[in-house]
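Q: Input: one structure, supplied below.
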Ligand code: HEC
Ligand code: HEC
């Protein structure tokens with residue numbers, strides 16, 4: 001009887017963690033009290049081999065048409081997985097139209113990108129930079145087959161795909177590429193900022209109180225300081241409202257004028273992700289705040305507010321080697 005229960009518990013454990021027979025089940029790192037382990041898509045359970053594969057893919061420029069651009073070229077760890085630029089040019093020279101958002105604690109999020117584009121999973125999101133055309137970023141549209149051919153022709157990737165997806169002997173395809181990228185991105189976890197550790201300076205403490213009192217937390221709410229929703233905050237005003245400008249530049253032919261509602265960004269590591277807002281047109285956090293929440297700033301000490309936002313930076317996250325480029329060479333013996 002006891003053994004029976006243990007066996008059942010064992011089976012549910014493997015299912016719950018998305019474990020793969022013969023491979024160690026995935027364990028989330030230690031999470032703060034009150035933070036539940038994230039839910040992962042039912043068809044994309046976590047395992048260590050998949051995370052390692054996703055990390056390799058995230059840093060691999062082979063994911064772009066001409067081998068010149070990786071996810072990590074726009075999403076740089078030292079910038080909280082943003083890039084320090086207003087927008088980023090794609091492989092064919094298309095100007096970027098939106099600011100590269102930082103990537104932090106995405107595993108707990110269900111709405112992605114700056115606008116309400118209906119993208120609700122990391123797996124769906126990963127197709128956009130690879131094969132999107134408005135704008136072209138990595139440029140695989142029309143060249144889709146080349147990516148899977150490239151990956152399947154590489155003996156190292158063949159083995160890594162087999163380890164990550166043991167039931168799929170045919171190796172790389174777009175579904176598995178996006179699943180591995182999703183698994184890796186779910187490990188971009190940041191709970192080590194001074195704010196998390198309760199180590200705020202007196203000025204930052206004052207800023208935290210003002211953040212709450214000024215109503216910032218109506219939208220920047222919860223553990224990641226976002227409600228995940230889009231709001232009209234009047235930020236399409238810098239020449240965008242009439243559709244003539246997009247990301248500060250003339251709207252290219254065929255592009256829809258931008259919507260006027262934008263998603264509340266998480267403020268984790270926000271001090272590292274500038275320039276700010278959806279168009280990257282706010283050169284400081286101060287400017288970004290005044291541009292969308294000016295009415296709430298009466299009586300607010302901006303230097304305190306900024307000190308609080310600085311306290312959301314997690315230095316360990318920005319330097320965590322597990323999130324950085326994978327070691328050179330193939331991690332498995334390809335014989
Ligand atoms: C050319 C630069 C560029 C490249 C390359 C790029 N991204 Fe992005 N990424 C962006 C921009 C810009 C956005 C915001 C798009 C929008 O809101 O319309 C974004 C948004 C995202 C988001 C949503 C984040 C959020 O908070 O909503 C994720 C996740 C993401 N990218 C992952 C990836 C992955 C995975 C790759 C590689 C397959 C990748 N990106 C390649 C520029 C890039
Ligand atoms: C009504 C909802 C709402 C309120 C209230 C609000 N924000 Fe925001 N915040 C947003 C949205 C939406 C954006 C993105 C707007 C855009 O990109 O155009 C944003 C962007 C930001 C950014 C830039 C983040 C980035 O990655 O570019 C900062 C910093 C910020 N808010 C701080 C604050 C502070 C401080 C307050 C209080 C004084 C505040 N916000 C009040 C919704 C809100």
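Backbone N, Cα and C atoms are what each Cβ position is placed from, and that goes for glycine too.
Values in this document were obtained by computation on a predicted structure and should not be read as measured data.
Pulled from TrEMBL, these are the listed features:
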type	residues	note
BINDING	71, 74, 75	heme c 1 binding site
BINDING	216, 219, 220	heme c 2 binding site
DOMAIN	202-313	domain 'Cytochrome c'
Q: With the cut-off set at 10 Å between Cβ atoms, which of these binding-site residues ends up with the most neighbours? Options: 71, 74.
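A: When each Cβ's neighbours within 10 Å are tallied, 71 leads.
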Q: Can you go through the binding-site residues 71, 74, 219 and pick out those with a C-beta less than 6 angstroms from ligand 1?
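A: With ligand 1 as the reference and 6 Å as the Cβ limit, the list reads 71, 74.
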Q: If you skip the near sequence neighbours and keep only those at least six away, which residues in the chain come within under 8 angstroms of residue 216 (heme c 2 binding site), Cβ to Cβ?
A: 293, 296
Q: For the C-alpha pair, I'd like the distance in angstrom between residue 219 (heme c 2 binding site) and residue 75 (heme c 1 binding site), rounded off.
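A: Taking the Cα atoms only, residue 219 (heme c 2 binding site) lies 24 Å from residue 75 (heme c 1 binding site).
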Q: From the centroid of the CB atoms of 216, 219, 220, the recorded heme c 2 site, which same-chain residues not already listed sit within 8 A by their CB, in sequence order?
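A: Those within range, site residues removed, are 211, 215, 217, 218, 221, 225, 226, 227, 264, 267, 293.
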Q: Cα of residue 75 (heme c 1 binding site) to Cα of residue 220 (heme c 2 binding site): how many Å, rounded?
A: 22
Q: Express the distance between the Cα positions of residue 74 (heme c 1 binding site) and residue 220 (heme c 2 binding site) as a whole number of Å.
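A: On Cα coordinates alone, these residues lie 24 Å apart.
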